[in-house]
Amino acid sequence: MAVYVVDHPLVRHKIGILRMESTSTSEFRSVSNEVARLLIYEATKGFRTEKHTVQGWAGPVEIEAISGKKVTVVPILRAGLGLMDGVLDMIPGAKISVVGLYRNEETLEPVEYYVKLASDMDQRLAIILDPMLATGGSLIATIELLKRHGCRQICSLNLVCAPEGIAKVEAAHPDVDIYTAAIDDHLNEQGYIIPGLGDAGDRIFGTK
């Protein structure tokens, strides 16, 4: 398993905006998608391309097009929806799969309540979207669900990760790579990332 921290001035600046308590719901939502665009840029660096000759404005021209890669974007409801538009801006042809999980606030374990996956999961790269990788429970549950449906190419996009969550995912699924904007210090007793962003789902959707 590889963990890629996308260390770029724009990413650091935008994560700083997301950390601010004063950031409005609309700004939090838009900046989350901006960071998602930067993360997906890094996550797709390994895509292969093929050369084609097409008709350009001044005659035939050789171009490169992505080849041999079927993608499904997998937002974990509900917070993962806050990254989806940014990713789809860059990969508009991706299919959307949806996994609904919520965290039991007493046990901190994920509870599954909805699943709708794209077809041919065994042929697709699944890009899981979840703003916060905290305990790792939701991500591990989603990875296991995808693997049960035949998916073998999986990576995760997260705005912020906790070291504890990364360690759990690595132990359970060492074949899954993680792309993140930041690795924070630790989890508190309630399972929230410190310093973190707060509850990303509430901040994206304007709820408490």
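Cβ atoms are placed via backbone N, Cα and C, with glycine included.
As annotated by Swiss-Prot, 5-phospho-alpha-D-ribose 1-diphosphate binding site applies to R78, R103, D130, P131, M132, L133, A134, T135, G136, G137, S138, D199, with the evidence given as sequence analysis. Sequence-distant neighbours of R78 (5-phospho-alpha-D-ribose 1-diphosphate binding site): residues of the same chain at least 6 apart with a C-beta under 8 Å from its C-beta are G100, G201, I204, F205. DSSP gives R78 (5-phospho-alpha-D-ribose 1-diphosphate binding site) a coil state; it is part of no helix or strand.
For I193, G198, D199, A200, the entry in Swiss-Prot reads uracil binding site, with the evidence type sequence analysis. The Cβ of D199 (uracil binding site) lies under 8 Å from the Cβ of Y192, each of these being in the same chain and 6 or more residues away along the sequence.
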Cβ neighbour count (within 10 Å, all chains shown) around A134 (5-phospho-alpha-D-ribose 1-diphosphate binding site): 27
Spatial separation of M132 (5-phospho-alpha-D-ribose 1-diphosphate binding site) from G198 (uracil binding site) - C-alpha basis, Å: 9
Nonlocal residues around D130 (5-phospho-alpha-D-ribose 1-diphosphate binding site), in sequence order (Cβ under 8 Å, 6 or more apart): P75, I76, A79, G80, L83, S138, L139, T142, S156, L157, N158
Recorded 5-phospho-alpha-D-ribose 1-diphosphate site residues R78, R103, D130, P131, M132, L133, A134, T135, G136, G137, S138, D199, farthest C-alpha pair in Å: 17
Distance from A134 (5-phospho-alpha-D-ribose 1-diphosphate binding site) back to I193 (uracil binding site), taken between C-alpha atoms, in Å: 6
Nearest of the binding-site residues (M132, A134, G136) to A200 (uracil binding site) - Cα to Cα: M132
